[in-house]
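Chemist: Structure below; questions to follow.
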Amino acid sequence: MEPVHYSVQGNNILQIFTENFHKEDPVLFLDGTAGEGGHSLLFLKGFPNSKVILCDRDPVMLSRALARLVDFKERVVSIQTNFSEIDSNLLSSHGINDSPQGILLDLGISTFHLFHSGRGFSFKEAEPLDMRLTPNIGINAEDVINTYSKDRLMHIFYTYGEERWSKKIAEVIVERRKQNLISYTSELADLISKIIPRKLWPPGRHPATRIFQALRIEVNQELTHIEKGLDSLLNLLRPEGVIQVISFHSLEDRIVKNSLRNYAKQNGFELLTKKPILPSEEETKENPASRSAKLRVLRKTKSADKKYKKENSKEE
C-alpha cells in the first residue's frame, strides 16, 4: 500500500500565489516538477479560472499526476520534459502562446521514487542500481559505480554528497568491483556501512545516505538542470509573475538562493523571501520528509514589462 501523498509547503505556496493574484483571474501556472500532482491540484482548486502547464521528466510521474487531476483535464496541458528544457518554443509547440504567471519547482525526490519505483533510489530494498529519473535514458548508478575512476568517484561523493569518507569509500568500491560488479542497492549500502565505523554514523541516518544522494545527483545531473532551468524559467515568467522554488538539501538551496538573489539585484525582479520559508511544526509532524524543505520566492516586477514586450515583438 502506498503512503499518503503530501504537497510539501502546499499552504505556504498557495498563500503566496493568492497574495499576488486575484482568485478569479485566469492565471496560467507552470508546475515544472509535477510529481503526484498535489501542488497543481491546489492551484486548480484555489484559482477556478486558472490553467496549469504540467511538466515532469518522468513519464510515470506525469501519468500519475494526470490521473489525480482527471477532474480538471480541460484546464491542464501536460508536457513530458525536464523543467530546464522549458522555453517559449516548447510551449508554443503544445499550443501555449502565453507566458506563465506562476511557476513552481519542487526539487525534492518523490516518495513514489524512493519506495515504489524499483529504480534503486533507496537502500531499504534490494533493487537494481539505476536511479534515473527519466527511465532508460542515459547512464545509471550501476554504470557510475562500476566504471568511474577512483578519483572521479571520490569527487562526486565529496562534491555532491559532502561525504568526508569519500576517498576511503571510492578506494573500497574500486577494489571490490574487480571481483564482482556492484549491481544492487543492498550491496552498495552494506559495503558503505562496513567502511564507516558505527560510532561515526550520522544520528538517525543510514551511513550510505550521502553516497546515494551523490549518485542520484550525478546520474540525473540535477544541479546543472537547476541552474539552467532557473535562467530559462525566469526569462519565460510574465511580468508581475511569481516563481517559487522548494529545495531539500544545501547544494540545491545554495544554487537557488544565489540565483534568485542575483536576479533580485537586476532591475525587474524582487526577492519576496529574504530568508527561506520553512514548513510549520504541524506539517513536519504530519509529514517528517518536509522538515528540510526550504521555500524561496522571486517576483518579476512590472518594470520588466517593457523588456517583455520588446522581446515578444522580436519573436513575432
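Glycine is no exception: its Cβ is also placed from the backbone N, Cα and C atoms.
Model, not experiment: these values are computed from the prediction.
Below are the features I grabbed from Swiss-Prot:
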- G37, G38, H39, D56, F83, D106, H113: S-adenosyl-L-methionine binding site (BINDING)
- 302-316: compositional bias 'Basic and acidic residues' (COMPBIAS)
- 276-316: region 'Disordered' (REGION)
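Can you tell me where each of these features sits in the structure?
Modeler: Cβ neighbours within 10 Å of D56 (S-adenosyl-L-methionine binding site), excluding its own Cβ and spanning all shown chains: 28.
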Chemist: Quick check on the binding-site residues: of G37, G38, whose CB has the lowest count of neighbouring CB atoms inside 10 Å?
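Modeler: Each of the binding-site residues G37, G38 was scored; lowest Cβ tally within 10 Å is G38.
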Chemist: Can you tell me how spread out the S-adenosyl-L-methionine site is, meaning the largest CA to CA distance among G37, G38, H39, D56, F83, D106, H113, in Å?
Modeler: 18
Chemist: Measure the Cβ-based neighbour count of D106 (S-adenosyl-L-methionine binding site), defined as the other Cβ atoms within 10 Å of its Cβ.
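Modeler: D106 (S-adenosyl-L-methionine binding site) is surrounded by 25 other Cβ atoms within 10 Å.
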Chemist: Within 10 Å of the Cβ of H39 (S-adenosyl-L-methionine binding site), how many other Cβ atoms can you find? Include all protein chains, please.
Modeler: 26
Chemist: Tell me, how many other CB atoms lie within 10 A of the CB of F83 (S-adenosyl-L-methionine binding site), whichever protein chain they belong to?
Modeler: 25
